[in-house]
Amino acid sequence: MAEYGIHHATFGRSKPSVFEIIGQENLITALRSAFRHGFKVLAENYPEKFGILFRHFDEGYTVVDSVFQYIHLRLKGGLFPETFYGLKRIPDPRSLDVSKRKIASWVFLAVVLPYIQSQMELLYKNVREEYSNGILNYKDFKRRLALLYLKFYPIYNFLWEITVLGYYMAFALNKTKFHSPLMHLTSTTLTHLTAFDLSDDAWKEYIPEKQKKLTTALWNCMNIFVGGVTLTISVGAFLTQFINWWYNSEGNTTSFAPMPVPPPPLKWSIDESVDICPLCKKKRANDTALICSGYVFCYPCIFRFVKENKKCPVTGYKSSLDQLVTLYQHDD
Ligand SMILES: [Zn+2]
């Protein structure tokens, strides 16, 4: 903390290095992927509860992140990744001179715009795939629009990337005080946090005397919430790194709890013809596989058996009706 104080006293407003800038921007991407991965694991294990959440992950994350970043700007003076890297915004979002509208525009550019850009990228990939497979199912005007999009999106994307890179270079070479085109658009710069900023109650200083009681109580709750999220993410980031290291370092290739490999089934003789249903011993009708064991039965036979016994008739593995898969052959 003292070093920040000295730094601040000596140089006034200090400019962050390009490494700090890139670090905090990488953190934004890393956090989104980490949460996405968490929801993916949940959706794979509990598809009925979390499947829908995972399908709408991007939209949900954008909404929650917008609210969180807005509160974070008002309390800590910067977006979460910025203050995580010891940086804050100038003009300071906690000061009363900064309008709510300006803070909302910061949130839009930092959270909503990247969401829109990722959706544009996704759309481009989908249209391109349909086009290259010859299944672009649009007619007339829509088709022309899709083809135009295929042509112009890469140009837009290239120009955007080159602008971002240009800003990084100009910033590193001290040619501009803005590290990105979006920061330039809102005339916002970043500077290091001071010892005062690092104290837990710095935000209270910015609340006007008149409304101190009510506003302080309200923002106090939010401050505790923001503190909790920050701690969780910091600990989470450390644990993720640790688990990554554990899995990737040599000699640790075994997982924490290896899945047991079931023994081969004994009851089923491979001499029997392959198109016989193990239950009715007749030629199979409406081939249906049971996922847990891989055996194929007639649909009515296996449906009835699993419904009553909740296990595979051949192997005895625990089964349920949602493990039935109807098999279709090419000439069906
Ligand atoms: Zn059968």
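A Cβ is built for glycine as well, from the same backbone N, Cα and C atoms used for every other residue.
Summarising the annotation, TrEMBL assigns domain 'Pex N-terminal' to 25-249. Among the features that TrEMBL reports, transmembrane segment is placed at 155-173, 217-247.
Residues 30-31, 34, 68, 71-72, 74-76, 80, 84, 200, 203, 207, 253, 255 of the same chain, all 6+ positions outside the transmembrane segment (217-247), place their C-beta atoms under 8 angstroms from a C-beta of that stretch. The average pLDDT the prediction assigns to the domain 'Pex N-terminal' (25-249) is 87.
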